[in-house]
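Here is what TrEMBL records for this protein:
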REGION    A:1-30  region 'Disordered'
COMPBIAS  A:8-18  compositional bias 'Low complexity'
ACT_SITE  A:GLU46  active site
DOMAIN    A:132-338  domain 'ATP-grasp'
ACT_SITE  A:SER182  active site
BINDING   A:ASP292, A:GLU305  Mg(2+) 1 binding site
ACT_SITE  A:SER316  active site
Amino acid sequence: MTPPTPATTPAAPDVVAPGLTGTSSTAPAHGTDLSVAVLAGGLSHERDVSLRSGRRVAEALRAAGVDVRLHDVDADLLGFLRTTRPDVVWPLLHGAGGEDGSLRDVLELAGVPYVGTGPRASRAAWDKPIAKERLQQAGLTTPEWLTLPQELFRDLGAAAVLDAVVERFGLPVVVKPTRGGSALGVTRVQRREDLARAMVDCFAYGGSALIEQAVDGIEVAVSVIDSPTGPTALPPVEIVVDGTYDYDARYNAGRVEYFAPARLDDHVARQVATDAVAAHRALDLRHLSRTDMIVRPDGAPTVLEVNVAPGMTETSLFPQAVVAAGHDVPALYRSIAEQALTSVRR
Amino acid sequence: MPRKLPAELVTRLLREGMGPRAIVEHLREHEGIEVSPQAISTFRQRHTDVPPQHSTRRVVPWDVRPEHRSSGYRRAILAYHRRAQGRTLTGEERRNLEHVERTLREAGQVIDYQPAQGWLLVPARPGVDTGIVREPEASMTHDTTPTQPATTPAPSAAAAPAPPGGPAASATAAGGAGTRLDPWFGSYAARAHGMRASEIRALFAVANRPEVVSLAGGMPFIEGLPLDVIGEAVQRLIATKGTTALQYGSGQGDEELRERILEIVALEGITDAHPDDVVVTTGSQQGLDLVTRIFVDPGDVVLAEAPSYVGALGVFRSYEAQVQHVPLDADGLVPEALERAIVQARSAGQRVKFLYTIPNYHNPAGVTLSLERRQRVLEICKRHGVLIIEDNPYGLLGFDREPLPALRAFDDEGVVYLGSFSKTFAPGYRVGWVIAPHAVREKLVLASESSILSPSNASQMAITTYLATCDWRGQIKAYREMYRERRDAMVGALSEHLPSASWNVPDGGFYVWVRLPDGLDARSMLPRAVTERVAYVPGTAFFYDGQGADHMRLSFCYPTPERIREGVRRLASVVNSEADLVRLFGTHAEPDDDPRDAEHPSPNLA
């Protein structure tokens, strides 16, 4: 891991401004001397999102002169990696398999350099309750939560457990699968009578549910990339949405208005950047991550979750942050891939 | 890391008044640096005091469509208006307003708000061309509700001609750097609002992976065709008639094919049609689109079975029809209910344009309209002056009996018949047809020409060749036997593994319509099925009004009997786990609260 570094400029610490980062002198100029295998698809609920992310990243890398091949995660994958021998693998798998660390285990086994967090850290970050505990240990704020496996309801009775939940947290609460992304299976519950439905919808995605106290405020996402000086936050992206930031809002352009950089006071912008970098470090993430936060009315950020494999689609937040930072997307993606190459060999 | 921007140079060029695109060009030519115009704009904003260049001012029409409720324009106008009236602003309004003002102040500008005129003058910013935003007085005073139709601002208020709502109309919030990522979001027609990828549709993405048993799609089993024979015939066709096959054709379709089509429909009792009555279309889906286009104005009523074909509902929605569902039972559409629906709609002052019905081996319900009911449906529609659209892709795919006579066989004036080669031969050619009364047919041909000029000559001639040289009757027979075997596999597996559900046993077609045990919700359950590597279509896809969550459609056309049994086994474990959960929480199947979005697998998935 790169060592922690202090904040850079007083105006916006941990924010990469254009011109602050340069191409490393040893990195090859644009040309097809770097080959990257982009892995996308898989069999998770987020296959569609992953395919979109994969196509976008492949396109950007090609524009930066990288020799790119896209491949699904299937029985041919290891043979494909053996025969094509890419310099770097960029897994863009969302959901189970992609973010839970298992594919990364296999890549480690195969000895291929890859973009992103290692298997153990992936597994921890992917499991929301574990990740939230680590965030708290690192001094970050995250909404109060409870983890409720399905069996618990069987043993104690659904109504009793749900009543206890409401008694403790009040309403509204947010129900989400303990694992998974893209807001799949997530419901914001305003009324006690809607809680049971939300639990059933959530358990359809997995056997364990996370119930969080809902936090109101400004929704922002802060992407973090590793730079030669350590993890660095890109400008926060603010999400203003009609209704909830659900799957429909995420992947159909229009319902959401994004502000990049977010409309935050300078000190708040500094705080969310600092927190995102702290989350990236606390969870031992590598190369890139995205931390989703709510800035409460008093200006204090609270971390909702941290993404090991942030979405890279046309409507995703990470690429918007890259553009807001003044980076050229292809060049930045290429530099991330190059970083993966060097971080393994080191 | 990306290339470093030469800060001094870029600042100088900006000060000289060069725009971001010109600077990008300059850097590429003189410095060998590749950057995006966006990077230059961002640099300008964040690192210089150079104000953005102002484009020509434009009048942007104030738009009160529901999707604009939160646009920066609207928020800014409402906030100004409320403040001018001395009303209290919400936190979000105040925040947005302050941001707008700050951004403009930084650019040395102020907003010119003239409540008397109902105008808000927003200076333009690079790439946004925002000029003047105006709003009709009426919509200033209240927030529009989602059901309120789009209104057009009064043209008299405009000092300059209003553009039809280009990127400026909605791309960016007033004064902020907000974006909706789709510069044309404000330009879409109302009929496009439902054209959205849904969570359910995304879940189907796994269905084309070999690990998944897909009981979701409607793909015929093409491997069952004599592909070598067809290949040779097509090769010969291009070699000998290529100059015609690869040329434009007639808008109405190839005459030889239209004659052949009459041989096919004769099997269902349509013997009085002439080749001139036939219009060849790009799949019967296009036929359905054309028929709807020429008959349906927004708000007109289309009657359809409950449930009905998901692709038809999509067409009706896109023409802004009101679909009224009419119940069906084991003998198909219920005639009494049909008559009631017509009378009710008429007495409510609605215009009933046609009945859309799938009389044979219904998709998704699997049932067939009985012979006796065919007469009654015809009689009711005739008496009330309601046209019948008879959609019949599966009519020849009965397992146990000869085809029943088509509705069109009894009535050449009141029925428009849609036929297809997609289920009996090959959907890849995209060839279907319409048989219509002469005046309707004239309009269909013109409508078809305006949308596609002519159907594919190559496809039509390939099908004509197939019909002329291959034993197509024998092929249909082979298909019937194959699909019967698959139906048996599915029904048998359902009896064995899913006794808690109920279903019909179709005697033809592709589908079994399964009613889930009480309380289960097919939409909610789909992620669990994906985890278990099996796919189905939730019943809500087949209703216009969000009903159907207690049903699912299973198709037996594509997987082999062995795979079907495996799929049903997996499905049973899904249903049983879900049933446990539902018992635990006491939930029920619930209507889809927004049934407008696409919830069916894309055509290439099965």
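Glycine residues also receive a Cβ, built from the backbone N, Cα and C atoms like all the rest.
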Considering only the recorded positions A:GLU46, A:ASP292, A:GLU305, A:SER316, which residue has the minimal Cα-Cα separation from A:SER182 (active site)?
A:GLU46
Tally every other Cβ atom lying within 10 Å of the Cβ atom of A:GLU305 (Mg(2+) 1 binding site).
20
Cβ-Cβ under 8 Å from A:ASP292 (Mg(2+) 1 binding site), same chain, 6 or more residues apart: which ones?
A:GLU219, A:VAL220, A:ALA221, A:VAL303, A:LEU304, A:GLU305, A:VAL306, A:ASN307
Inter-residue Cα distance where the pair is A:SER316 (active site) and A:GLU46 (active site), in Å:
14
Taking only same-chain residues 6+ apart in sequence, whose CB is under 8 Å from that of A:SER316 (active site), what do you get?
A:SER53, A:ARG56, A:PRO310
Go through A:GLU46, A:SER182, the listed active-site residues, and name the one with the sparsest Cβ surroundings, counting other Cβ atoms within 10 Å.
A:SER182
